[in-house]
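As recorded in TrEMBL, the features of this protein are as follows:
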- 9-64: domain 'Acetyl-coenzyme A synthetase N-terminal' (DOMAIN)
- 66-452: domain 'AMP-dependent synthetase/ligase' (DOMAIN)
- 514-592: domain 'AMP-binding enzyme C-terminal' (DOMAIN)
Amino acid sequence: MRIKTFEEYQTAYQQSVDDPEGFWAEIGQQFKWRKPWKKVLSWDFNEANVKWYEGGEMNITENALDRHLEERGDQVALIWEPNDPDDEAVSITYRVLHDRVCRFANVLKKHGVKKGDRVCIYLPMVPELTVAVLACARIGAVHSVVFGGFSAKSIADRINDSACTMVITSDGAFRGNKVIPMKETVDTALDQCSTVKSVIVMTRTRTPVSMLKGRDLWWEEEVKHVDSICPAEPMDAEDTLFILYTSGSTGKPKGVVHTCGGYMIFATYTFANVFQYEPGEIHFCTADIGWITGHSYIVYGPLCYGATSVVFEGVPTYPDAGRLWQIVAKHKVNILYTAPTAIRSLMSFGLHFVKDHDLSSLTKLGSVGEPINEEAWQWFKQNIGGSHCPLVDTWWQTETGGIMISPLAGITPEKPTYATLPLPGIQPVLVDENGKEIEGNGVSGNLCIKFPWPGIIRTTYGDHERCKQTYFSTYPGMYFTGDGCLRDEDGYYRITGRVDDVLNVSGHRIGTAEVENAINMHLGVVESAVVGYPHDIKGQGIYAYIITESKPDDAEMFRKDILATVSRIIGPIAKPDKIQFVSGLPKTRSGKIMRRILRKISEGEMNNLGDTSTLLDPAVVEEIKKGAL
Ligand code: PRX
């Protein structure tokens, strides 16, 4: 499965374009199947229909766990590093993980969860999160992991959208020096959900929680009374494995659906190749399992490839800004995969937090989630990687299931800030506004992918039309990523950022419409417009222009109240960094907000606003410019 040289990469790439089915069939054969597939690929981008390995029967947990038992049952699968560095880390072997997953799968079954049922998981980064995810997969239940930073309302929206019948959570979570109530938040969410029949609560902080008779169950009690044998449910390659909600430019977050076979193969193949994983290496991805990066590169990719994966409960700045480096030294981490925001933030604390830690175990570095600026790239490469570790800037999305454009560590010649070249099987194209392909090098345009790959989104849960509209209709016949991109003279790709109304704040994807809706729910707010602006640490910050019914008596307090509303409606990650009260917004005569102008003002480019002649009331722009923050 692994490519070892640049020539091999070139050959594999060519083969994947000339004979995609042959290429992916060969890789597919390296996994454990109960029944072979009948057809490698069938697809129709116009209808947003893609199927891989049709008719094949398998279970991803047999690939992630059972398959390894004979050869590496006693090898560590997960290393859990708790929030507090003084607490003991826990190592879980493949055999123990298999046992725990089977037990918990039996708990799920005992409480009526069946193949195809949706289960919402709202847990901190504890080993039980991985166990819960794999237990769902074991019995064919569809997991929908919700990131621990989301509000009760966001949880409720996600539970209701996919009619989850069970929630798995904890009493509380430790995050830095905070204790976060998890069960209480779930309880509030469940006031608005009628489909949930049971809640399993794992003990982490032993925060007092209400436990409702007939609905709520303690994890620790439940696992005592079940068998450790649980045969894996046979799954069709195209059965749903999980739903993961993500933000778009309009409406509520959508449930991205991934299926069993294609996702497994793509996550594993990309893990093995991008990171050039060598047996015995320790892989540390700092993402949360609540995001796709955690799904693919903490859980499924590494475990299906038989790797050792670190799960870190805490935050990079607790107890101090040396925490990640301390973890690298402590567990002799070889591969460190993190986000530009974390790098920029840790850079700002200074090198003395790095110097005390022995980072010599590192062999490879990775970056994901947002464009990485040259300064952060160089700092990471030199100060963390000692200039000798390959650094892979990996571009991909929740919808792609796995890494799409990236160097293969130590194989593809690097270029700072460039995701470089597409992985085998990935056919990127740049298109202009009219959907015409822009050929040649030294060009930029909107990034599309013109041929399916096994990890591609299959649908948006409960609304296939939305999937078609969002990804396959802007440029007919192609998957549209929503990203702008340039291809340099060497044919190297550099992602420049979203071209739609989606923000990328600290690597978190947030729709401007979502934030506006939340702000508009606040008493006294008439209308709002949200744009992103360049932020030194977060990449993008959130700038909100808000029209209020009357001038607030205490503007500062009003701002804080709005932040509280956004936290309650979405979660703290969506809180605006800047709020400017305005009396009007720049609108066209047809009533459309001209965000381009607001974006320029938020960037401080006051004198470069472009054509404002189509505005209904150009005077409003002058007022906004004067009050800009
Ligand atoms: O804009 C791109 C940016 O993150 C978006 C996808 O966000 P999400 O679905 O949350 O997945 C993040 C983790 C895979 C993309 O549309 N993005 C992701 N990786 C990069 C990136 N932008 C530039 N460079 C990257 N390496």
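From the backbone N, Cα and C atoms, a Cβ is placed for every residue, glycine too.
No curator has checked TrEMBL annotations; they are predicted automatically.
Not measured: the values here are computed from a predicted model.
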_Counts of helix, strand and coil residues, the domain 'Acetyl-coenzyme A synthetase N-terminal' (9-64), according to DSSP_ = 27 helix, 15 strand, 14 coil
_DSSP-wise, what's the residue breakdown of the domain 'AMP-binding enzyme C-terminal' (514-592) into helix, strand and coil?_
25 helix, 28 strand, 26 coil
*asked:* Within the domain 'AMP-dependent synthetase/ligase' (66-452), what mean pLDDT does the predicted structure show?
replied: 98
